[in-house]
Amino acid sequence: MFPTDPVSNLATLIRCPSVTPAEGGALTALESMLTPIGFKADRIVAREAGTPDIENLYARIGVGGPHLMFAGHTDVVPVGDEIAWSHPPFSAAIAEGEMYGRGAVDMKGGIACFVAAVARHIEKHGAPKGSISFLITGDEEGPAINGTVKLLEWAAAKGERWDACLVGEPTNPGGIGEMIKIGRRGSLSGRITVQGVQGHAAYPHLADNPVRSILQLAHALMDPPFDDGTENFQPSNLEVTTIDVGNAAVNVIPAKASAAFNVRFNDLWTAESLMTEIVARLDRAASAGALRPGRAPVKYEIVWNERPSHVFLTRNDALIESLSGAVEAVTGQQPRLSTTGGTSDARFIKDYCPVVEFGLVGKTMHMVDERVALADLETLTGIYETFIARWFDHAAA
C-alpha cells in the first residue's frame, strides 16, 4: 500500500517516542513507508567520543540525475510537563481537526507530507525523471554532531551528489504558503570570564568585584549595533544569554564572573571577522574603567564555541522558482523569501548543493500541545507534489 496519506504517515511517526538521542522506532517506521515505493534505504550509526551514538537514515530512488534531496529529522525535543498536555504527546490524537503530538510540526509533519507527495507522484507518473533521496537524522534537536554532518560525509564518500535540497522545517509564521527560507544568518557563541578578588560586601576596597567588570564588558558587546542589516538579512544582533558568579551569599563579593553570548550575524560578517570585532570591543571596554574607577584595566578570558554556523544565501533560480511557483499554485499566495529565524541543518547542506526550506506552520513547535491542522497536512502535501514535478521539469530543461 502506497503511503499517500500524510495524516496516516504522521500518526505513525508521532507514535514513535524519538526524543533526542533515542531513535524510538521513527526511522524504522519511515523506512517501512519508503521501501514499498522503490526506495533503497541505508541506516548509519554515527559516533564521536563524549556524545551519544545516533542512528540516521539515507534512502534513494533512481540512479541518475537530476537528483533532488529532501532533508529533515525524526528526533524531537522533550515533552515537558506531560500532565499539561490535552492529549498524550505520543498518541497522535485528533481533536477538532488537529493532530496532537510531539514532533507534529517540528518536523515529523514535514516528513510525512513529503513521503505522501513522493508516493502520489510515483503512483501517477511512475519513477521520477532522475533521483529523489531522503536524508533524515536523529540528531538535529541535540548537539547536531552525529547527524546531518556525518550523514552527508558518508553519502558523499560513497559517491552521492545532489543538485538541490529541500529541508522540511516549519517555516510559516501563521499560515501555509507565507514563507520560504532561502538562507540563514550565521551564529557565533562565546563566553568571557573575569577574575576578581573575593571579599566582604562592607569592605569593597579590600576586594575587586568582577561583576562591575563583566557588566562593563557585556555592555560593550551589545552597544553600539554591529550593522544596519543588508538587502537580504536583518541587522546582526548579539544577546548576552547568561551572567554567572556562582555566589549565593548576599554579603560576599564574588571571586569571578562570566557571561555567555550569542551573535546572529548577516552577510557583512564572517565568523572570523566577527571574532576580531568582538575582541576589539572587549579590549576597548577593558581599558575604559567606567564602572571601576581607580582600578587597573579589566583582564578577561574568552572561549569561543568550536562550531560557529556560517551565514549563507541560496540563489538557485530553478529551485526557488519551482518551490515558490508550487506554493502559489496550491495556496494562491506568493510566498515571501526570507532569511529570518534560527539555524537549521541547512547550514551543513549548503556546502553540498543549493538548499531552501519550506514546511508547516511553526506556532506550536516545542510547546505543550504541539499540534498541526489536518488541512495543513493536505495543503503541504499538495505543494510538495507540485514542487517535485516542477523541479524535475526545470532541471531537465
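Even glycines carry a Cβ here, placed using N, Cα and C.
Lifted from Swiss-Prot, the feature list:
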BINDING   HIS73, ASP106, GLU169  Zn(2+) 1 binding site
ACT_SITE  ASP75  active site
BINDING   ASP106, GLU141, HIS366  Zn(2+) 2 binding site
ACT_SITE  GLU140  active site, proton acceptor
Pairwise CA distance, GLU141 (Zn(2+) 2 binding site) versus the residue listed as 'active site', rounded so that it is a whole Å: 7
Among ASP75, GLU140, GLU141, the one of these recorded positions whose Cβ has the fewest neighbouring Cβ atoms within 10 Å: GLU141
Residue with minimal Cβ packing [other Cβ atoms within 10 Å] among the binding-site residues HIS73, HIS366: HIS366
Cα distance (Å, whole number) from GLU140 (active site, proton acceptor) to HIS73 (Zn(2+) 1 binding site): 6
ASP106, GLU141, HIS366 excluded, remaining Cβ within 8 Å of their centroid (Zn(2+) 2): VAL76, VAL77, GLY103, MET107, MET365
Among ASP75, ASP106, GLU140, GLU169, which are recorded as recorded positions, the nearest neighbour of HIS366 (Zn(2+) 2 binding site) by Cα: ASP106
Inter-residue C-alpha distance, the residue listed as 'active site, proton acceptor' and ASP75 (active site) (nearest angstrom): 7
Those residues of the chain, 6+ apart, with a Cβ under 8 Å from that of GLU169 (Zn(2+) 1 binding site): GLY72, ASP106, MET107, GLY110, LYS181, SER344, ALA346, GLU357, GLY359
For the Zn(2+) 1 site built from HIS73, ASP106, GLU169, further residues of that chain with CB within 8 A of the site's CB center: GLY72, MET107, GLY110, GLU140, GLU141, VAL167, GLY168, PRO170, SER344, GLY359, MET365
